[in-house]
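Asker: Below: one structure in structure tokens.
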Amino acid sequence: MMDQARSAISNLFGGEPLSYTRFSLARQVDGDNSHVEMKLAVDEEENTDNNMKASVRKHRRLNGRLCFGTIAVVIFFLIGFMIGYLGYCKRTEQKDCVRLAETETGNSEIIQEENIPQSSRLYWADLKKLLSEKLDAIEFTDTIKQLSQTSREAGSQKDENLAYYIENQFRDFKLSKVWRDEHYVKIQVKGSAAQNAVTIINVNGDSDLVENPGGYVAYSKATTVSGKLIHANFGTKKDFEDLKYPVNGSLVIVRAGKITFAEKVANAQSFNAIGVLIYMDQTKFPVVEAELSLFGHAHLGTGDPYTPGFPSFNHTQFPPSQSSGLPSIPVQTISRKAAEKLFQNMETNCPPSWNTDSLCKLESSQGINVNLSVNNVLKETRILNIFGVIKGFEEPDRYIVVGAQRDAWGPGAAKSSVGTGLLLKLAQAFSDMVSRGGFKPSRSIIFASWSAGDFGAVGATEWLEGYLSSLHLKAFTYINLDKVVLGTRNFKVSASPLLYTLIEKTMQDVRHPIDGKPLYRDSNWISKVEDLSLDNAAFPFLAYSGIPAVSFWFCENEDYPYLDTNLDTYEKLIQKVPQLNKMVRAAAEVAGQFIIKLTHDIELNLDYDMYNNKILSFVKELNQFRADIKAMGLSLQWLYSARGDFFRATSRLTTDFHNAEKTNRFVVREINNRIMKVEYHFLSPYVSPRESPFRHIFWGSGSHTLTALVENLKLRQKNSSAFNETLFRNQLALATWTIQGVANALSGDIWDIDNEF
């Protein structure tokens, strides 16, 4: 074929043969790959001895041949291309005809596949009904009874066995992934060599043993002290301030309740008491058994107090350290019977305003001292946290965490069995809703079983400390299931303001299982929301990690009397709450609706506008001290500006969401990311997480909080010598900048920030 082409070209140009025509399509050095290079090699036998005139004629003839040769080659190339293209089209047309014929003859499989109806997206009404149906089919009390059979102190073999049981249950539920997380922590237990003891020393120096208590207070200082005994009511700061007797160098006895053991001990220590005894009075805790033992812990914080601010993983090389929240004085729980024996050696009746037992006395009789000996020992133990996840269908890297404490000192029916049983049943129900009910959560749901909750949310806090960077802008809500049923009369809640709107909608949807009325009964319910306490596992999520958290429970007007005792049994719980199954089901419906709304809706159900009210309340409180602030040469103008910028940022975010194209996942995700930043950026960036782990300026603890700022300012009027002006100046400046930082984060990108600061 090449010979024929060469012959044709030769004839075209007057029969003069050319050796070859070569095209080079290689990429040139300058990057132009569209250049076509054509080279003509002439016969080497040409006579090179021609004169100048013949040479000129030959070059002209060669240029003409080059031009005509180029045209000929292009024509041949186009003819070949057209022939090939027409042949390809013919084959394609034949194949299309075959396909058309197959379709016309009725290819039933293809038609059937095209006509499969697509499953429609489930909406809120559908999901609410689906959840209710799943919960109706569950018997909760059998699981609670099973879990309450034995004591399961953190790190014990029984605690570990229960962890493996929960892990296997998660696997049986076919969750997307199940895993465990282990930590090596230090907890305090009663010493085996010597018992803890409370003794009365009379005027003659003789001792009379009051009790070797069955319970104890973890993280108490192990020592022996002796001194006068003074009653300090509940041991609140105000109770100590109202005492007519100085507690300096004395032991104090306080009633259980109202605040945590750790706060009672910290207050006593701040007033220079040398030791603390804690008991349950019959007025507040109407327990028949006067010798009932009580358990608690005295760490003013959460997590392992010997690895503050960092996780307790095995073989970590952190230097020895301990939390500043550990007490430097001994503390011990005693029975009501022991307290009454101590009162027999005391004088002066307790004030009627205390509303306590008639036997209550205020101070030791003349010459009578009390000796307290605590011999607790530290024990390093392995604890297991168990996790299971249902992965989201659109944003699996965004998730909520639903958790419950697993361990308990004693049977722990109300303390941890109800929560653990509820955790298991919710995991089962939601797994079934996804696999069979058509529920497709956009975001993931993590179910977590914590250990060492009795020692200050140790398991939960260590997990947060270990994975804080991984959880940032991924975990956006924590739902706590601990102690959700302690009665039937009231429904109470503690939560981040970001969740208030979600809680209100849920209370309007869920009905009380006894009277059938909605849980929402008071339009002013937000003012009655209780702050998360140190002994609540939701607290470190909010105050340490900046993750919005919620804890809720059904209860009576009085405290449940058996928590943290050996009488926290299934039988006692059923006796107090006869319709336990219905109450747990109602709690499951509350938690279930939280889960659905947080994982299903396009926009995160976090109402950032609620913090406008919190900031405004803080500004109003400071305004009461304008004269004092002005006297120091300071102004609140910058705080007003920061508050205004936050308000404008929230308004702009709301507008951005309303104007956003809801089908554009990238845009919606960007808006949700801005919402997720709100809680986190209320963590003060100006304090060390190790020195002040609870950095949240609203809900944390330390001098960086807004509460501490106001308390310091109040001292200027009450006790000017105790007021620290330098500290106040720093507090005001850093609080202002923290609020401004939240406003900036909420605004979005740096070029979107337009503030007046």
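From the backbone N, Cα and C atoms, a Cβ is placed for every residue, glycine too.
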Asker: Taking 58-61, 102-105, 150-153 as the choices, which stretch does Swiss-Prot tie to motif 'Stop-transfer sequence'?
Answerer: 58-61
Asker: Cβ atoms within 10 Å, counted per site: which of N719, N724 has the most, among these glycosylation sites?
Answerer: N724
Asker: Is it possible to list how many residues within the domain 'PA' (220-310) are helical, extended or coil according to DSSP?
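Answerer: Helix (H, G, I), strand (E, B), coil: 16 helix, 19 strand, 56 coil.
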Asker: Quick one: Cα separation, N724 (N-linked glycosylation site) versus N248 (N-linked glycosylation site), in Å?
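Answerer: Each residue's Cα considered, N724 (N-linked glycosylation site) and N248 (N-linked glycosylation site) end up 24 Å apart.
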Asker: For N248 (N-linked glycosylation site), which residues of its chain lie six or more apart in sequence with Cβ-Cβ distance below 8 Å?
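Answerer: Correct list: F271, N272, A273.
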Asker: Average pLDDT across the motif 'Stop-transfer sequence' (58-61)?
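Answerer: Mean model confidence (pLDDT) across the motif 'Stop-transfer sequence' (58-61) is 48.
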